[in-house]
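Undergrad: Copied straight from Swiss-Prot:
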BINDING   Thr308, Gln350, Val351, Glu352, Tyr390, Phe416  L-phenylalanine binding site
BINDING   Glu392  Mg(2+) binding site
REGION    1-150  region 'Contains the major tRNA-Phe binding sites'
Amino acid sequence: MSLSQKILELLKNTETIKSTDIDVRSNELYPVLLSLASKEIISFTFKEQIIYKLTEEGESILKNGSYEFNLYNSIGDNGMELLEVDKYNLGKVNAFKNKWIKKVGDKVYKSADNVEDNVKNMLNNVTNKIYQKEEISLLKKRKLIYQAKEVVYFIKKGPLYGKDSDNITELISKMVISGEYKHLNFKPYNFNTKGNIQSQGALHPLMKVREEIRKIFLEMGFNEMTTNKFVESSFWNFDTLFQPQNHPSRDAHDTFFMKTPSTTSYIPIDYMKMIKKIHSVGDFDSDGHFSDWDIKEAEKNILRSHTTACSTRTMLEIAKGEFISAKLFSIDRVFRNEALDATHLAEFNQVEGLIVAKGLTLGNLMGYLKRFFEKLGITDIKFKPAYNPYTEPSMEVFGYHKGLKKWIEVGNSGMFRPEVLRPMGFDKDVRAIGFGLSLERPTMIKYGISNIRDLIGPKVDIEFIKKSEMCFFN
């Protein structure tokens, strides 16, 4: 007999039964009750009540008797030696307390006749749910029972009890045409049932800020560059930007070098010759680096350390045709072999802006940066003179982080050197200004995050991502 049949059978001769009348666990009973109630065969309510259960020691005493009772039964007519009594340490104290035994000389003798194992009887009452206040207090004190909660279900007959319980869940055209539906029991709609909460994706705060920054660039008249090359050659990442081949940043401590393929052969020959000349002997009023330039060093593949490598590719294409000024931007991933701390990661997203036009000045660059950061909502910014191999003059950009209560670097900027622009074929009066900004730092400022590892990495709280506010910059 199934559990549902057992419940219906018990209800035959009474209006109400309790779950205690059914020998089954609560977690097994509940889904069966829900199923029967949904068909209106039964209805049920429940109530929580306090019960007491036996501990492991209590179960042992219920089975084998209490320690004091067992000691009493072990003492013969000739008594028991004290050393032997000591073996019954757990029962000795209570046996003396109950005056079941007495000490005479070096032996212990019975001092009562026909004693009853009260502790075992109390435990038996507990198993039968007969609770006496004094007994419960004593058993709890001896840690033979513990308190627990029990759910008791009160089950009654429903409107459809005793009727055909096979409720129809689907109405089909055949039932309507034949009129059969008039004689069928349809399962009623339950409008109070809550549907399952569907899991859903959530945009990471970085992606929210990225999209807003992209909108800002587009509002300022910039066009997006193609930056789908995570792997670059040292030629585009360093050499085209007039970075010496013996520069410290090209060392393995700052750069991730590719193992396979370790080198590239796709370098424009004519442009490569111009780059070699500007590095080794100089040109266009520049003295170069006064050092040899090795093509093998330029062919080494790396994970790009900045998206400026994509900027040089784009500027080279602009220089090939009739000159037209351009405002370009990109937001993409870059990689640097740096020590990890609260504000640095080995891979991060770089926001890059590039303007190529005639007659540009450092004032133009500062104006664009101030306007850009104002749109981001970061009004507290300042500039600091800096050095970059490919820009002169150069500036670091700092924003004030209210959480860390200090200024943190949010980007770098500068005017591209003639040694970068002239080998591409640009005229002398063509200037280019560029700025590279971290996407993570403005995001940290926007969302009040002080440790970048709370934003990216294995320790990020998924609830933070789900509940992070939409990003709007005023």
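Glycine is no exception: its Cβ is also placed from the backbone N, Cα and C atoms.
Note that the coordinates shown come from a computational prediction; the quantities given were computed from them, not determined experimentally.
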Undergrad: Go through Thr308, Gln350, the listed binding-site residues, and name the one with the sparsest Cβ surroundings, counting other Cβ atoms within 10 Å.
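TA: Taking Thr308, Gln350 as the binding-site residues, the minimal 10 Å Cβ count falls on Gln350.
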Undergrad: Can you count helix, strand and coil residues in the region 'Contains the major tRNA-Phe binding sites' (1-150) using DSSP?
TA: 76 helix, 34 strand, 40 coil
Undergrad: Sequence gap of 6 or more, Cβ distance under 8 Å: name the residues on the same chain that satisfy this around Val351 (L-phenylalanine binding site), in order along the sequence.
TA: Ile213, Phe329, Ser330, Ile331, Gly411, Gly436, Leu437, Ser438, Leu439
Undergrad: Within the chain of Tyr390 (L-phenylalanine binding site), which residues six or more apart in sequence place their C-beta under 8 angstroms from its C-beta?
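TA: Set apart from Tyr390 (L-phenylalanine binding site) by at least 6 residues yet with Cβ under 8 Å, we have Leu241, Phe242, Gln243, Thr308, Gly414, Phe416, Arg417, Glu419, Val420.
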Undergrad: Would you count the other C-beta atoms found within 10 angstroms of the C-beta of Phe416 (L-phenylalanine binding site) for me?
TA: 27
Undergrad: Among the binding-site residues Glu352, Glu392, point out the residue whose Cβ has the most other Cβ atoms within 10 Å, with all shown protein chains included in the count.
TA: Glu352
Undergrad: Using DSSP, would you call Val351 (L-phenylalanine binding site) helix, strand or coil?
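TA: Strand, per DSSP.
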Undergrad: Going by DSSP, is the residue listed as 'Mg(2+) binding site' part of a helix, a strand, or coil?
TA: strand
Undergrad: Can you give me the average pLDDT across the region 'Contains the major tRNA-Phe binding sites' (1-150), rounded to a whole number?
TA: 86
Undergrad: Taking just the CA atoms, what is the gap between Glu352 (L-phenylalanine binding site) and the residue listed as 'Mg(2+) binding site' in Å?
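TA: Distance (Cα to Cα, whole Å): 17 Å.
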Undergrad: From the Cα of Gln350 (L-phenylalanine binding site) across to the Cα of Glu392 (Mg(2+) binding site), what is the distance in angstrom?
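TA: Pair distance, Cα basis, whole Å: 20 Å.
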